[in-house]
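S.K.: Grabbed the feature section from Swiss-Prot, which reads as follows:
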type	residues	note
DOMAIN	34-98	domain 'BTB'
MOTIF	137-148	motif 'Nuclear localization signal 1'
REGION	224-247	region 'Disordered'
COMPBIAS	224-234	compositional bias 'Basic and acidic residues'
ZN_FING	254-277	zinc finger
CROSSLNK	Lys255	SUMO2 cross-link
CROSSLNK	Lys261	SUMO2 cross-link
MOTIF	283-294	motif 'Nuclear localization signal 2'
ZN_FING	294-316	zinc finger
ZN_FING	322-347	zinc finger
ZN_FING	358-380	zinc finger
ZN_FING	386-409	zinc finger
REGION	539-589	region 'Disordered'
COMPBIAS	539-583	compositional bias 'Basic and acidic residues'
CROSSLNK	Lys567	SUMO cross-link
Amino acid sequence: MEAEETMECLQEFPEHHKMILDRLNEQREQDRFTDITLIVDGHHFKAHKAVLAACSKFFYKFFQEFTQEPLVEIEGVSKMAFRHLIEFTYTAKLMIQGEEEANDVWKAAEFLQMLEAIKALEVRNKENSAPLEENTTGKNEAKKRKIAETSNVITESLPSAESEPVEIEVEIAEGTIEVEDEGVETLEEVASAKQSVKYIQSTGSSDDSALALLADITSKYRQGDRKGQIKEDGCPSDPTSKQEHMKSHSTESFKCEICNKRYLRESAWKQHLNCYHLEEGGVSKKQRTGKKIHVCQYCEKQFDHFGHFKEHLRKHTGEKPFECPNCHERFARNSTLKCHLTACQTGVGAKKGRKKLYECQVCNSVFNSWDQFKDHLVIHTGDKPNHCTLCDLWFMQGNELRRHLSDAHNISERLVTEEVLSVETRVQTEPVTSMTIIEQVGKVHVLPLLQVQVDSAQVTVEQVHPDLLQGSQVHDSHMSELPEQVQVSYLEVGRIQTEEGTEVHVEELHVERVNQMPVEVQTELLEADLDHATPEIMNQEERESSQADAAEAAREDHEDAEDLETKPTVDSEAEKAENEDRTAMPVLE
């Protein structure tokens with residue numbers, strides 16, 4: 001029986017992870033195998049989802065919920081700060097200059113919950129502060145070193161991961177500290193190690209940094225897994241009286257009235273106030289740079305960047321200042337417009353009569369209808385173009401708006417499939433420049449505008465191109481493109497009064513194009529049952545025959561009127577002649 005082979009561990013290669021990270025960074029710079037595009041202030045950043053999820057709790061939670069999103073727009077983060085964090089994610093190096101730039105990167109790291117970047121910024125802040133004074137005799141003044149604070153995470157537009165605040169502090173209280181384990185590093189060694197750091201660099205292991213080592217020492221003391229014991233003056237060491245002693249400590253939490261964050265210790269609460277909200281001059285560290293704070297008048301949210309403040313206001317006002325030059329769609333952000341322009345196709349130069357196909361440049365989906373393509377784009381842009389004017393709500397899809405109107409306001413939209421509709425003209429003083437055409441309508445009865453008063457008229461819409469029908473509305477920009485495909489014919493019926501007071505029935509057929517006759521009509525659906533209505537389709541022969549019949553009827557009416565006029569004259573002359581004959585005859589007695 002052969003002896004069992006034992007698994008032996010070969011030599012470790014600590015540089016392997018660095019080589020992998022360098023290769024991933026090269027692929028990112030060359031845009032190879034990237035599966036996510038991040039839009040920050042209109043700038044596109046290519047990256048890998050797996051790398052982002054490994055370095056950020058924010059992206060880890062987001063990619064779990066939205067797995068198929070190839071394009072994500074992030075608000076509340078500046079382009080400069082996000083570029084630094086992307087470089088740190090792929091190179092483990094963080095190069096920043098100035099306090100203002102450091103504050104922006106800090107805010108972005110808190111937003112994205114990148115703990116390693118926050119630790120690196122803490123190291124930088126400690127290096128810029130005054131060096132620690134080495135004193136072997138010790139001091140009575142308490143010293144605190146804060147590692148990281150990640151609870152102040154802003155989640156404005158995207159959901160963030162739910163995590164407990166991470167805060168590690170070391171307090172050297174008044175009195176003496178006795179350590180019985182010789183293998184534990186002292187605070188002086190940690191301080192000297194921290195002063196030797198000259199370049200902010202993370203190698204992927206938290207134990208390599210001095211602050212992480214300090215946190216490790218502190219956690220070992222608190223957990224009691226070492227032989228080291230910390231004795232506090234005034235606290236009993238007897239286990240029996242320890243429970244009674246712990247009752248003397250207050251269990252009340254300290255709450256920040258500004259950001260509603262809670263702390264178990266008063267010292268941590270005061271340090272939070274000094275770092276983020278209050279200072280001797282009433283100005284926090286984040287407000288030292290002299291930036292103006294912009295406050296939203298609707299929701300009282302604060303912004304230190306005016307550009308972010310303006311974009312936020314458009315959510316309340318509904319303003320959309322950026323317009324697409326091709327399809328005239330409007331957007332609230334310029335970055336959303338740029339994303340729309342990459343996929344917008346107007347069909348200019350295409351042959352008439354050929355169906356235009358619209359391809360999405362993000363996911364390569366193809367649509368044969370502009371309405372379907374436009375509804376698909378909002379999935380990538382996140383825009384909500386459908387607006388309810390009754391309750392000021394916005395919806396992403398048109399069917400969501402229709403469902404809302406039906407459920408909330410009891411307004412149901414009837415789909416027009418009949419071919420005969422009854423409409424009335426709207427008398428206005430200003431010139432009319434548009435006409436409503438409803439899909440699948442063969443004939444519409446209207447009263448003509450700018451004509452003599454008549455009884456009725458008939459308007460026929462023929463050869464309506466499908467691209468002209470967008471939500472039952474024809475746009476003027478498309479009218480000029482297809483002048484030969486839409487024409488309107490209407491039959492004018494009138495009565496002409498002759499000099500003798502007789503009314504003559506006259507009919508006249510008119511054929512004009514839509515773009516040459518501006519008409520505006522207000523459609524009203526028939527209340528009767530239109531299912532049994534038979535559509536009337538007028539072809540060219542029927543028009544000619546109706547025109548000939550109208551002319552013939554007018555001629556006959558005119559002849560009848562002349563006959564009625566000449567007949568009384570003949571009768572009167574005959575009676576006169578008869579009377580004269582009677583007077584000329586002799587009277588016989």
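Each Cβ is built from the backbone N, Cα and C atoms, and glycine gets one as well.
The model shown is predicted, which means the values in this text are computed figures rather than measured ones.
Mind running through what each feature is packed against?
M.R.: Taken together, the residues of the zinc finger (254-277) have an average pLDDT of 73.
Every protein chain shown contributes to the tally, and the Cβ of Lys255 (SUMO2 cross-link) ends up with 12 other Cβ atoms within 10 Å.
According to its DSSP assignment, Lys261 (SUMO2 cross-link) is coil. All protein chains shown were included, and the count of other CB atoms within 10 Å of the CB of Lys261 (SUMO2 cross-link) stands at 18.
Counting residues 6+ beyond its ends, the zinc finger (294-316) has Cβ neighbours under 8 Å at 41, 75-76, 78, 286, 332-333 in the same chain.
Residues 318, 375, 378-379 of the same chain lie 6+ residues outside the zinc finger (386-409) yet bring a C-beta within less than 8 angstroms of a C-beta in it.
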S.K.: For Lys255 (SUMO2 cross-link), name the DSSP secondary structure in the helix/strand/coil scheme.
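M.R.: Where Lys255 (SUMO2 cross-link) sits, the three-state DSSP reduction gives strand.
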S.K.: Using Cα coordinates, what distance in whole Å links Lys255 (SUMO2 cross-link) and Lys261 (SUMO2 cross-link)?
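M.R.: Pair distance, Cα basis, whole Å: 6 Å.
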